[in-house]
Ligand SMILES: Nc1ncnc2c1ncn2[C@@H]1O[C@H](COP(=O)(O)OP(=O)(O)O)[C@@H](O)[C@H]1O
Ligand SMILES: CC(=O)OP(=O)(O)O
Ligand SMILES: [Mg+2]
């Protein structure tokens, strides 16, 4: 069965086409800058040369049409006809309290995703556009949605409630949801496999450190706490997001700087984090390079980023009353040896003993980066959210077939 996995953003559509017989990716790519002066199309068919194109693509329906055309293209295609795609799976960031697992899309599911627009205004409207664009181009193909929030629905009330008047939870569902759940779930299962121990016996802290960053406390394979909250702004310092700050800063800064609600929102989501402190950019590679060149702001940004992550690791070890392993994943977690080293150097009180040689290896392979004597294990595990989406979609389609 061929399954197309889609991660639709406000101005981009990323995709991977899976052949589920061997779980192989037969094509991948993205359409960026949708609706701007010119869109950038990148397409990588397995075993064939990459295709790059710049053209006008004004909305998601055209972007999906473009993807389907490439997949069946006489020279670059990997399929004879788009009817060989049997299902589509989408990443959806916010599932609120309604979805604790992945589901097939129907009218009710679409209504619920729409209702959640206000909780994830940057993400959910774009996902909906992706779903509608697939519907327009492939009306008979079943679609599934896989939620970032679903894995964290196991959090207990002590972790998911905010200490604010309960009427806000009752009326508006203001609570902590957590995100990147697909990634936290995937790497926790891989960690158990690598450690050769049942997931049920383990207390893990998984650190998904990409552009957006969050960590999760996982006991027996269930998320018991995570650093992102009602929205993906809470928690760790990120590329352009502040993470935790004193909430009183919001009204105070609005008053002092004469900011509107949307300006203060944009300040905390798009102009904070590494970008604000380094005054350089949000990309960790750039920060590390500048730091090596002696840039003091870059060093401060790196140190704050590491310090805030380490404090969460300490907090989650306390939350779980123990810790077996820490997992680093996503763009920064998988690739930044200096960040992992700085975090681990300062966790000796937990019995973390880093193997500096293995940590420094320029490798994207799954690996243990602590010494045999280390009391807490540390692992690097490349995440694969697309594979989880493909698997969930495949399972939902098989279940549906067995019911019919
Ligand atoms: N070799 C590297 N060293 C340090 N950081 C890296 C490296 N490669 C990628 N990154 C970081 O990974 C980030 C992107 O992570 P990723 O998980 O792809 O983010 P997202 O999926 O949220 O867009 C980049 O912003 C960059 O800072
Ligand atoms: C939920 C979230 O922050 O996603 P991303 O890291 O893709 O921005
Ligand atoms: Mg990501």
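We number each residue from 1, going along the chain as drawn.
The backbone N, Cα and C atoms fix where each Cβ goes, glycine too.
Record features, source TrEMBL:
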type     : residues                                                            : note
ACT_SITE : 148                                                                 : active site, proton donor/acceptor
BINDING  : 7, 385                                                              : Mg(2+) binding site
BINDING  : 14, 208, 209, 210, 211, 212, 283, 284, 285, 331, 332, 333, 334, 335 : ATP binding site
BINDING  : 91                                                                  : substrate binding site
SITE     : 180                                                                 : site 'Transition state stabilizer'
SITE     : 241                                                                 : site 'Transition state stabilizer'
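Sequence features, as recorded in TrEMBL, placed on the structure.
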residue: 7; record: Mg(2+) binding site; DSSP (3 states): strand
residue: 14; record: ATP binding site; DSSP (3 states): strand
residue: 91; record: substrate binding site; DSSP (3 states): strand
residue: 180; record: site 'Transition state stabilizer'; DSSP (3 states): coil
residue: 209; record: ATP binding site; DSSP (3 states): strand
residue: 241; record: site 'Transition state stabilizer'; DSSP (3 states): coil
residue: 283; record: ATP binding site; DSSP (3 states): coil
residue: 334; record: ATP binding site; DSSP (3 states): helix
residue: 385; record: Mg(2+) binding site; DSSP (3 states): helix
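Within 10 Å of residue 211 (ATP binding site), counting CA to CA, the recorded positions 7, 180, 241 contribute 241. On a Cα basis, residue 385 (Mg(2+) binding site) lies 22 Å away from residue 241 (site 'Transition state stabilizer'). Other Cβ atoms within 10 Å of the Cβ of residue 385 (Mg(2+) binding site) number 22 in total over all chains. Remark: residue 148 (active site, proton donor/acceptor) has 91, 92, 93, 94, 95, 178, 179, 180, 181, 182 as non-local neighbours, by Cβ distance under 8 Å and separation of at least 6 in sequence.
Cβ crowding, taken as the number of other Cβ atoms within 10 Å, peaks at 334 among the binding-site residues 283, 334. Here residue 332 (ATP binding site) comes close to 209, 210, 213, 284, 339: these same-chain residues lie at least six apart in sequence, with C-beta atoms under 8 angstroms from its C-beta.
Under a cutoff of 8 A between CB atoms, and with a sequence separation of 6+ in the same chain, the neighbours of residue 14 (ATP binding site) are 6, 7, 8, 29, 30. For the binding-site residues shown (7, 211), fewest C-beta neighbours within 10 angstroms: 211. Spacing of residue 385 (Mg(2+) binding site) relative to residue 285 (ATP binding site) is 23 Å (Cα to Cα, whole number). Residues from the recorded positions list (14, 148, 332, 385) with a C-beta closer than 6 Å to any atom of ligand 2: 148. Our reading of the ATP binding annotation (14, 208, 209, 210, 211, 212, 283, 284, 285, 331, 332, 333, 334, 335) yields a largest Cα to Cα distance of 22 angstrom. Counted within 10 Å of its Cβ, the other Cβ atoms near residue 241 (site 'Transition state stabilizer') come to 26, all protein chains included. Proximity of the recorded positions 7, 180, 283, 334 to ligand 1, judged by a Cβ distance under 6 angstroms to any of its atoms, singles out 283 in sequence order. When each of the recorded positions 91, 180, 285 is scored by how many other Cβ atoms sit within 10 Å of its Cβ, 285 comes out lowest.
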